[in-house]
Amino acid sequence: MVAHRARRRKRASATQLYRTCKAAGTCPPDVIPKVEGTTLADRILQWGGLGIYLGGLGIGTGSGTGGRTGYVPLSTRPGTVVDVSVPARPPVVIEPVGPSDPSIVNLLEDSSIINSGSTVPTFSGTGGFEVTSSATTTPAVLDITPATDNVVISSSNFTNPAFTEPSLLEVPQNGEVSGHILVSTPTAGTHSYEEIPMETFASPGTGNEPISSTPVPGVSRIAGPRLYAKAVTQVKVTDPAFLSRPTSLVTFDNPAFEPGDETIIFERPYPPSQVPDPDFMDIIRLHRPALTSRRGTVRFSRLGTKLSMHTRSGKGIGARVHYYQDLSPIGPTEDIEMEPLLAPAENAAGDSIYDVFADVEDADIAFTGRSRSATSSRGYTTVSPLSSTLTTKYGNVTIPFVSPVDVHLHPGPDIITPASTQWPFVPLVPADTTHYVYIDGGDFYLWPVTLFVPRRRRRKRLSYFLADGTVAL
């Protein structure tokens, strides 16, 4: 088996070796003369150049370029350069200018006359005039007397089809031929129209249509403050200053501005000696108030943040406290018992009830029963409703009346007696003594007498009277 020889590594060039070994003094003996040009061949050329000029031959240690003219191939002649001369311009003839000749030189030759087209037609008419010129110096005298004959002047228009002024274009006119028929000149082209379908903007719907462009499915609820979480301490505050001046519970300072519905931020936790309420110790923030209802009460709440410790990074850590104060309980709804307006038939005479919706036939009975006093077995006595004194078991109570009010009286029909009366007059038997009272009103109030009557039964019928109305007898 033949062993392969290792490849020979190429040595660096003399220039690269000279750069690194010159300063250290470790260069090989053939590197420095080759780079500095002190070899034997260089010295022979230097010595021979003292007496012989060899600069034009290009002999030296440099790159071979063949000198100034380059290398010339053997058995050939160098190429010759043909010089092509540019013909000379003819000399400009200089014309002599005399003292009396003009100094202006015409740059252009005589130009030819450009044809301007057809001539403008001359004016022709029946009553024209001619202009004559003369060399006389006699002043002209104009006759300003008006002419006796009427002068008619006619004119002719010539249209150039090559050019028409836009301002002189004639617009086609409409001509009325007969009654309601209008004939117009036809125009170029036809005008077409497009049928656009009409859509209804408002139409009756089912009520389930969306009212916004992107309706949100379902109902989104706003999350309230988490006041009753396990990590929140519950503290009840009884001081009423917690509602209006919560900062007075944290510090003794008297601030000029007391924010009510905003978050209160304290710069630093105050020492225990400067905190009026110990429950508000180490408080650095009190959030805005919130009103809630819990277990039948209206509760005023504020969420506070305490600063208990600091970490090495400077961040403060503290607990959250829920301060609350119950304002008032929410009582159950009371049931209001409705009282009937119509009185039963077995009503006692002592119960003074004024029923304005009673029948007309019962008016006389009700009037008779109300005009006398009645004593019941309940231990109190009532008098006529027109009286202002009420006698009870507690003594006499005087009820003052209000100022008199004008009552409008509407008279009834006139009573006309018969013209022929027979004497002696015999009245009809039985005589009709019924009197009717018509009351028209809308507002009713409790009779003041019934306010001082003790109620012992659950269902008590109260009296009513008119606040404003009219009475007709």
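Any Cβ shown, glycine's included, is placed from N, Cα and C.
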Item to check | Range annotated as motif 'Nuclear localization signal' in Swiss-Prot, from 122-132, 309-319, 452-462 | outcome: 452-462
Checklist outcome for this item: Which range is motif 'Nuclear localization signal' per Swiss-Prot? Of 1-12, 229-240, 277-288, it is 1-12
Checklist outcome for this item: Within the same chain, the residues at least 6 apart in sequence whose Cβ is under 8 angstroms from that of C27 (disulfide bond) are L17, Y18, C21
